[in-house]
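Residues or ranges marked as active site, proton donor by Swiss-Prot on the basis of sequence analysis: HIS689. The annotation 5-methyltetrahydropteroyltri-L-glutamate binding site is assigned in Swiss-Prot to ARG15, GLU16, LEU17, LYS18, LYS114, TRP555, GLU599 on the grounds of sequence analysis. Swiss-Prot lists ILE425, GLY426, SER427, GLU478, ASP593 with the feature L-methionine binding site. Positions annotated as L-homocysteine binding site by Swiss-Prot, on the basis of sequence analysis: ILE425, GLY426, SER427, GLU478, ASP593. Annotation comment: Swiss-Prot describes HIS636, CYS638, GLU660, CYS721 as Zn(2+) binding site.
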Amino acid sequence: MSTTIVGFPRLGEFRELKFTTEKYFRKEISEEELLAAAKDLRAKHWNIVKEKGITEIPSNDFSHYDNFLDAAFLFNVVPASVQNLDLSDLERYFALGRGYQGEKGDVRALPMKKWFNTNYHYIVPKFEKDTQVKLAGHKIFDEFQEAKELGLNTRPVLVGPFTFLQLSDFEEGVKADDFVDSLVAAYQEVFAKLAELGATCIQLDEAALVKDLTAEEKALFLNLYNKLLADKKGLEVLLQTYFGDVRDVYADLVNLPVDAIGFDFVEGKKTLELVKGGFPADKTLYAGIVNGKNIWRNNYEKSLAVLEQIPAENIVLTSSCSLLHVPFTTANEEFEPALLNHFAFAVEKLDEIRDLDAIRNGQGSEALAANKELFATERVGENAELRARIAGLTDTDYTRLPAFAEREAIQEEAFKLPALPTTTIGSFPQTKEVRAKRLAYRKGELSQKEYDAFLAETIDEWIKWQEDIDFDVLVHGEFERNDMVEYFGQNLSGYLFSKNGWVQSYGMRGVKPPIIWGDVTRLNPITVKWSSYAQSRTNKPVKGMLTGPVTILNWSFPREDISIKDSTLQIALAIKDEVLDLEAAGVKIIQIDEAALREKLPLRRSDWYEDYLDWAIPAFRLVHSTVAPDTQIHTHMCYSEFTDIIPAIDNMDADVISFEASRSNLEILDELKAKNFQTEVGPGVYDIHSPRVPNEGEIDNTIEAILAKVPSKKVWINPDCGLKTRGIPETKESLIRLVEAAKAAREKL
């Protein structure tokens, strides 16, 4: 039996790629130095996979920014505005992901969306009327050659043509079918070039096949692959799926002339049932049996029981998806062995795949025995008081009174805000000084008194600055917080925190998800100190800033021994206690961020409510259901597809919601109007994920577009996300323009 993985993390064991790339962005190193460092990192990663005994090693799973963007660049799906920039290929590539503002021009970044139900974000290409799809890049060939020079005949990985078309945007007047022939020709050119270089197999990632597919989408898939596979140029083709099962196309899929198919046996509800119904003897089945999205040890007995039921003659063991969704290795962690033994990060998952292969081949008895022992006893006990509190919840605990319309009138009278009130999402830039002071405090080099004095001074500066430019609702800036989930988790029982458990989120940005180890309760007030301090420094309202229970759950590595619903309700009660303490301390506007609400929405619509929304939305309502009617509840949501769950979002019963919608051209506005959305809304008037400052008139035009779709009394003016990662000069310049644009728009009402 052979072993492989779908893909490997890119940032490096210690986020080397992130830090090197950021040096390049700051012009501290050259393009050549960046490319050389990336080449060294790839070699290191391939060597790790090889030394762990994995027999089939992927290549081109590495990316300087995003693998979907890589595919767009490879196939020339690049807007003319970027094509025409007098920049190097690498500079144009980064301009697509980050935007560009300089002497050569000014272009906005492409939109960014969540990658299925993960916290990874992909860059969304756009097919335009004049898009000429052709083979234009060489990264996939360069990296195959690099590996070959190291003595490795790798399996290049590429986004499949169906998923590429399904997840891209299209200019009005063009559609996916228009590009089938040119895209197939470009893929076949890739096949031919790889075959020339000595490749024997290519992996085409078709995650879009695990979603609900219409008849038209199935027809598109079959049209693409019937044409593509008519001439494979001598390559074997592995069609790889993940994040679910392929029930809609299984019968068609197994009859295609592909050589191998990869299935997800972790998240694929019906995968085992499908393959037990029959799998062709002339194809190889890649069994994704080791979870690529969570960090818990694999239960070998359970995995072996699944594998024994697979009727395929030729099986390759693999991960359920790319390992980029988990941290690099547990080797650098400082947990006690009794805790650490329960975790497997990317490198350790290589061991698990190898172990399972060995056990199936009659070896690995010691590994199996050790694994059995690990799962023989309960890992953690229960909090009986918490379980009783949850059991005692009734419908009234999830209902806020009075109803929204009455609260809206009460709050209008209480706050007396102008039309189109201005605010920010919460965080301000975390400078080197802010991070250095936090680190010094954590190391004991700065006393509590000294650290508090620094935070108070920083908050004072930003409160005064917000007053000076005439913001309406202020924020304290979150300078005391390292991360919007970790900061809360550190004040909750049941949480563990890795030292180096970084996972790529978008571009070079990493997040360090905490681990939910046991039952979750609040240990002490978390945000009251600094929120109430900030409110004491101004007569204007200052928002209290909390992370919501669904987002805390979704941006953590969840337990597998209880349901995510039960874990979320535990977190909801902890955050509810914090909301009530903030209210009692005089904080009358409280933002409960649900940035990741959409993230764990099942990929199939039939599962949306029963498996997720029926408990996720009530969990949010539980948090704020008992606040007074004159306390205003805000929430915020990050890049995602929201249009299909607008009624559920309205049902959260917040008073104000802000979306990250500016980068996607405010597409959500039409749906808000169509669904008669009642909650007040701040769609975001500029994109903070790009370092560019919005041009004169740009924010004015965005506000005008918003007001064309949403009644002015319902509209808030804000950036599309927090400003933690931005620089101070660009932040201040952008926010001054925002306030000026809001005032100008008020005069036109």
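Sequential numbering from 1, following the chain as shown.
Including glycine, each Cβ sits where the backbone N, Cα and C put it.
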Using GLU478 (L-methionine binding site) as the reference point, find which of the binding-site residues ARG15, GLU16, LEU17, LYS114, CYS638 has the shortest Cα-to-Cα distance to it. CYS638
Determine, using Cα-Cα distances only, which of these binding-site residues is closest to TRP555 (5-methyltetrahydropteroyltri-L-glutamate binding site): HIS636, CYS638, CYS721. CYS638
Quick one: pull the CA-CA distance for GLU16 (5-methyltetrahydropteroyltri-L-glutamate binding site) versus CYS638 (Zn(2+) binding site), whole Å only. 27
Using a 10 Å radius on the Cβ of SER427 (L-methionine binding site), the other Cβ atoms enclosed count 21
Of all the binding-site residues given, LYS18, HIS636, which residue's CB has the most CB neighbours within 10 A? HIS636
Recorded 5-methyltetrahydropteroyltri-L-glutamate site residues ARG15, GLU16, LEU17, LYS18, LYS114, TRP555, GLU599, farthest C-alpha pair in Å: 27
Here the recorded positions are GLY426, SER427, ASP593, HIS689, CYS721, and the Cα closest to that of LYS18 (5-methyltetrahydropteroyltri-L-glutamate binding site) is found at HIS689
What DSSP gives for TRP555 (5-methyltetrahydropteroyltri-L-glutamate binding site), in three states, is coil
Looking at the recorded positions ARG15, CYS638, HIS689, which ones sit with their CA no more than 10 Å from the CA of ASP593 (L-methionine binding site)? CYS638
